[in-house]
Structure formats: C-alpha cells, structure tokens
C-alpha cells in the first residue's frame, strides 16, 4: 500500500510486507490504525462516506487541504498470481495496481496499472472477486457484532438469505406482488368501462350500421356506374376523333405516295424505251462469230480428253491383269504350303515306319547270326543248352544232375523251416488269446477315435474352408487399404486443384435413389480426341458444370434439401429442350470448308444413350472448326448462322461477337478430367475389391471359428489316436500279432521255395532222362539236329533278306518325299519373288494411272469449261430475247398502273372531305367531357383495360345506363333517414373496445406469468436457503468450537416453526444447551456473534477480509483463538486485523 495526503498521512507512506494470509495493525488510540482501513475502503470505491468518518471527499485530504496538500492518493498492489481467483479480464497480469486520487475542488479519478479507468470498471473488477465495499460482508466492525447479538429469528434468517443470495429475490418478489395488485385494480377498471359505457354504445351503433352501409353501397355503385358510362362516352368520342384523324392522315399519305408513284412510272417507261433499244442492238452483235469459236474449241478439247481417258483405261487393264496374276501366285503359295504341311505329316509317319523296319531288320540279322552259330556247333558235335550256348550232351547231363541235387537239398531245408514255423505259429496263437481282451478294448477305442476323426474331417470338408485363406485375405486387405488411402490422397489433391469438378450433396430424403442424379456434365462425357478438349470446353462454357438429373422433381429436391455448397444449374432429362444442328446444315458446312475442317461438337464426345437430351442441350448447336477462317465462314454463312469454336478456343457467334486471343498456358480442364476420372475409377475399383475382401473375411470369420473348433477337436483326436496306436504297438499282444504275421509270411515263402524246388526236380529229371536217351542215340539225334539247324539258317536268312528289302524300299520312299518337299519349298520361294516383282509392277501402274487420271481430269475440266462457255453464250442469247420481251411487258403494266392511280386519287379526295367533318364533331365532344369531369385526365389510362373499374367487357356501359336511374331513386329515399356519422362512431367504439380487451389480456397474461415465476422461484429459494442454513450451521459450530474450545453452537428454528420462518442461536457446553444468550458472559456473546458472521462469510468467501477491533471485548486468549480459527477455516483469504492488543 502507498498512502499520500490521505487523512493523517501527510507524507507519502509505503506499507509493504503484507502476509498472504494474516496481517495485524496494532497501536495506541489515535495512531492511525483505522485510517489505513479507511484508505482501503476509499480505494475500493465506498459511496457512503460516513463509514470512513467523513461527510465529503475533501475531508479525506490531509487537514482538508489547508496545510498545502491539495490531494489524497491511495495505491494498492494486489497479488494476481493465482489465476483461479483472478478478476475477469485480468488473467494476463501477475500483479494489479489500483490507484484512487481525490483533488481539492476537482474530480477524483481511478488508475488500473497506470491507465485511467472509470468508476464502473473499478467496481466491476472488485465485484467479480466478491469485494463490494457498498455491501461489505468482508468488512467486520465492532458495532456489527453488537448488532448481531440483538437480532430476532427472522433477522438472523434474513442474514442467511443475504448469504445465500435470496434476499434480493425477496425484495423483487415484493415489488412484483405490488405490481400484481396494481394490475388487478386496472382489470376491475377495464371491466367497469366495458360494462357501463362501451358495450351499450356498440349495440346501438351496430343497429344503425346496416342502414348506413346500404346507403354507402348505393352511393359507391352509383358513382362507379356514372364513371363507367362517362368513361365509355369519352373513349367512344376519342376513338372517333383518333380514327378520323388517323384515317385522314393515312389517306393523305396514300395520295402522296400515288402521285410519287405516277411520276416514278413515267420516268421508268422512258428508261425502258432506251433499255429495249440497247438490248436489240447487243443481240444482233453477239449472235455471229462468238458462237462458232466456242463450238470449235469444245470439239478440240473433247478429242484431247478421249486420248487421255484411253491411256488411263489401258493402264487400268494392265493393273487388273497384274492384280489377277498376284492373286494366282498367292493362291499357288497357299496350295504349296498346304501340300508342304501334308508332306511333313507323311514324312513323320514314314520316319516312324522306317524306324520300325530298321529295328526288325536288326533283329532278323541277329537271329540269322544265332542260327548260323547253332549250325556250326551242331556240325562240330555240340548241342545247344537252354541258354542257347553250345555244349556237349555229357556236360549238359552233368549240369542237369547237379541242379536236381541242389533242388533236393532246398526241398529238405524248406520242409524243416516250414515245420518249425507251423509249430511256432500254433504256440503264438495260443499265447495271443491270453491278451486278446485288453487289446480288443484298446483296438475298439482306437477304431472309435478313427470314426470320430473321419466325422470331423467330413464336417471340416463341408465348411469348404481353406487353411491360411484368412491370413492371405488379411494381407490383401492391408495392401488394398494402403492403395485406397494413396488414391484418396491423390483424388483429394486433384479435388483441391479443381474444386469445380466436385458435386457433393446430402440425400434430400430417406432411402433416396442416388442413381437419379447422373452428375456434372463434364464428368459424363468422354473426349474422342484430346486435341479437341479446349474447343469443347469453350463450346459448353458454364454448362460444363451443370448437374444432370432424371426429372425436375429430383432437381427440386436437391435444391431445397440437398444442402448444396454452392449454386448449381440443374438439367432435368425429362424437361430439357434438346437442340441439334440439322443434317443439311452440317453438309452445307462440310461443303463450305471441307469435312476435315469442321465437326459438330456433339460428334466429338462419347456419352451414355440416356443422356442424349442433356448433351444436345449443352453441345448440340455448336460447330468445332480447325482454324479461324473456317469458323468465320461457317458462322456467318447465310444458310448456317451457327456458333463456331476453333481448336485454340476462339469463338464466333452469328450475332457478331468474336471471343478469343491469348489463353493461359494451362491444360484444359477436360484434359485434366481424364486423369481425375482415371484416379476415381481406380479408387472405385480398389474400394470394390476391398469391400469384397472384407465381405469374404467377414463371411470367413464365422466359418473360420467353426473350422478352428473342429480342427482343435480333430487335433485332440489325432493325439489320442497316436497315443492309443503307440500303446497298441508297444503291447505284447501287438508284438505277438506281428510275430504271427511274420511266421505266416515265412510259411508262404517256404511253401513257394518247396514248390519251385519240386518243379525244378521234375524238370531236370526229365531233361536228364532225355539227355541220356540222346547219348544212347547220339548219331540219329545229331543228324536230326543238324537238319533242323540247317533249316533254321535258311529260314532266318530269308526273313533277314525280306526285312532288309522292305527297309530299303521305305528308305527310298522317304528320300523321294524329302525331295518333293524341297521342290515345293523352292516353288514357294519362287512364287514369293514373283509376287514382289508383280507388286512393284502394280505400284508403277498405280502411279502411272494416278498421273494419267490427273491429266484426264484436267482435260475433263477443260471440256466442261468449254461446254459451260458455249451454254452460257446460248443462254445469253435466250436471256437477251426474253429480257426484251419482259421489258416491253413491264412498260404496258406501268402504264396501266398509272391510269389506276389517277382514279384512286379522285376517290380518296372525296373521302377526306367527309372525315374532316367527323373529326371536328368528336373533338368537340372530348373537350366537353374533359371540361365537365376533371377525373378523366387522371384515370383515362385505365379506360377499357381488363381487370380494372373501367373494364367494358365485364361491365356493359349500356346496361349501366339503365341501372343508374334505379339506383338514383333508392339513394334519394335513404338519404332522408340514415345516420351519416354511425360508421365513424362505430369504428371508434370498436377500436376502443378492442384496445381495452387487448390491454386486459396483456394484464391477465402478465399476472399469470409472474405468479408462475414466483411459485418456481419460491421453491428454488427454499432449496437454496435450506442448503445455506445447513452449511452455515456446520461452519458456525466449527468456528465457535475453535474460538471457545469445549463449547458448541447452532442455528435452529424456534419451537413450532420451520427454518424458513426464522432461526435463533443456541449455545451448548458439553451436553447442556443454554436456554438464552443472556446466560453467557460478554466475551462469550461477542465470540458467538463473531462466529456467526464469519460462518456467513465462509459460505461465499472473499479473497480479502478486514476485522476492525473485533476483539475489543475479549481477553488475550480469545484473541489467540480468533487467529487459530482464521488459520484453520480461511486458508485461501487474506486477513487484515486492527487490534488494540499487541
């Protein structure tokens, strides 16, 4: 704080070091303790100066300004570090310095942080932090404590109301109730006026109104009909006058024109005489030598043309022959190639047959060699054994006996092994029965598990689920999501660059069919040639961004409820008037500038068939030309007169407008649209695929869960089966089964060995016997074998020679076919070379034909020109004769016309005289009506117009004339009895009545509303008051217990009343409650009052409290208790305590 010139502080006094919670100002009487509090109240904006012991502001200046000090200044710096308690609008300041200064004889002013501020701004600042110095709850004086002690229950309740903020409502409520009483009095007054004054007057005036209204109606109708009839008379007179004047002028004009025409005719007749003479002279001159020269020139040109055409025909015949030759050569090539393919197939077949014959020949050769060796062995006294080897009969006999011996040994061994195995198998089978029961039990369990496994496999197969498919789909979904995100970003970039390509709308109704909205025109077309993009964009203009819909109903819905972001033009397909260029106009344009140089804009785009009407509306009436000259010719041709646009974007309009010049070096929007469409299409494709993948994933989810359940069960069964299988295989029963199986296999093997050995014994025994017979008859056998060997050699040789011959023949056939194929290939190559030569010849013929055709065309053109010149000369002669006849005819027609004009002039002059008299009569009548009825000037513009008061079609003036007489009679009768002032008086009375009823209704409505609000606020006030009482009561007891340990205090309603009727203070010591405060000492009573005041303050705490000598009646221990109480209950407020005690 800084105090300068305020009350007893003459010099600038700076008070620093304030504690954020507790500060005490002590000293002797008259030392200036209270002046510090007064300076704080002064700064806070106190208006009742008696609270600071002054009658006016000048008294606050040191010695009233008589000691040379003319102003008092107080400045306080507030800590604003806690932003939660900061005044509104000052959160950015950590400190707020407020200064108030009063000057003798001048004004007082405020400063906030060094800037001038008005009183209201300062008061708002303090009120926002509960520091209203003009209702100072935060300022507790000693006198206030004494006042509280003497309060009655309703007064204590009013303190609670003040703390709860409901006291203001009570005062407002009382004012409202007084207002209601006033309004009730007003209602009684209104009802009395209505009953005694206005209602009887209204009844009487309403009776008189009907007569007055009837009279008024007759007057109005009479006035209307009079005006109508007078207007009709005026119009008729004016029309006669106008018509006469117009016809008079018209006839005078006709006479003038006729006379001018007669003069013109006379001059024309003279002119035609001279023209006829000139034409006759010209005809005589040109009918001679010119015609003969033209006929000779035509004959010469025709001869040259015949020669040229003959040369062209010769070359064309040659070209035709060469083309025929080329066709034949091509056919020969195709035939040879087909033959080659056929020969290649035959060659392949012959090759296979040759290979077989070569193999057969090789076999026959080997057989012949073997037969020769056998013959040689037999000739040498040897014989062939079973392997074909040559050996003596004795050697063969020895070999046979050895094999018999080996077979016998094998038989014995096999019999022994077979016997042992059969014995073992009987023993094993006997042992197997002992473990049969346990094994069968496990086997049955194993079979059941196998059945369950097959059932589970069947269930899994039914689901059709492919393991790992969900993982593949999840990976695909991630990839697709990334691609969709990238495409969306790309599309958003394009949309940001070309916002006009976007058409977003909200569905105008539930379940709206979006297919009814086709979209922007620019996105519905496909450009056939990108070079035409600029021209098409200019052709369409703003229509490029029009929106195409199916009907006007859809368009209306979009405009009204579609929440469109900007203005759009809608094209409904069912209503739009399609425009297109007629085919004959298109042909005219093509003939004018050539097909390559002009196209209709519509032919350069592609679109869906159902959009035809919209596309014709946008592009249908425009031509696209290659250059400006072509566009100019097309646009301004008399038979075309259509808008044209060049490829560069220059526009020609038949109205005479040319638009063009330098264009920005940026691509056409339609060129960019292709990129936009491509990205949009890709995005749509990816989104569709993503949707399909997600759909499949969702469908797989349920299937996968089922499959997983089945798979888990199947895996468990597999484990069970493996465990059972292992147990079965490791058991003794299974081992015995395997042993039995092995013994059975061994028995089968030994039986096979035994059987084979017995067969070998039989075979070798027979062979040995045969060999022994052969040895006995060796000579006969040898001769027989020699004869057989010789026959075998002869037979094998013959067979070998036969197969060799066949092989040679087949080989020769193959070689012959190979030569044929080579010959065909050579022919193909020859034909191809011939085709090349023919093609060169054809090219030469075509070039020669082209040159000759050009020459022939030139000669034809010359013949045509000569023929046209001759025809022209003939036509000139015909035209000349025709022209002469025509001129003579014109002369006669003109002379007739001249005579007719003279008769017409005489007739018109007679009519003019008559019309002049009629015009004067009508003019006099018009003048008379205007003079007698001045309203005609203002209203004549409405005469005869439909839907006006002067509509002669709706109201017949002749009928009106008859009606006027009857109405005049009725008017004369009523004028004697009707009250002329009745209508005005009734209007005023009804107005007064309506005004009173309106006021009465307003008063009743206000009364009802006030009563309803009071009832609602009474309930809320009672709730707030009860809540405040409970909180204050709690704090009151706590504070008093702190100030006076061992004691209690409470606020309770008097006996037989509620807390809303009043509250009184009760004090208790231990378990005993005092009947009256008079039983307490003076100090205890002061503590009770102080506790109650502080409890009230604690309900709505302020950041600053000032206590002025509240401990005056207390001893030092109680003063300390006050400090303890402040410390425990007011932890967020700063206290400034003025005390006489140290």
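The backbone N, Cα and C atoms fix where each Cβ goes, and this holds for glycine too.
As written in TrEMBL, here are the features:
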type   : residues : note
COILED : 241-285  : coiled coil
COILED : 390-497  : coiled coil
COILED : 676-703  : coiled coil
DOMAIN : 515-635  : domain 'SMC hinge'
REGION : 357-389  : region 'Disordered'
REGION : 786-809  : region 'Disordered'
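Only residues 6 or more beyond the boundaries of the region 'Disordered' (786-809), in the same chain, are considered here, and those with a CB under 8 A from a CB of the stretch are 354, 357-358, 360-361, 363-365, 367-368, 370-372, 374-375, 378-379. Same-chain neighbours of the coiled coil (676-703): 463-465, 469-470, 473-474, 476-477, 480-481, 483-484, 487-488, 490-491, 494, 498, 501, 523, counting only residues six or more beyond its ends whose CB sits under 8 Å from a CB of the stretch. In terms of DSSP secondary structure, the region 'Disordered' (786-809) contains 24 helix, 0 strand, 0 coil. Counted with DSSP, the domain 'SMC hinge' (515-635) comes out as 68 helix, 21 strand, 32 coil.
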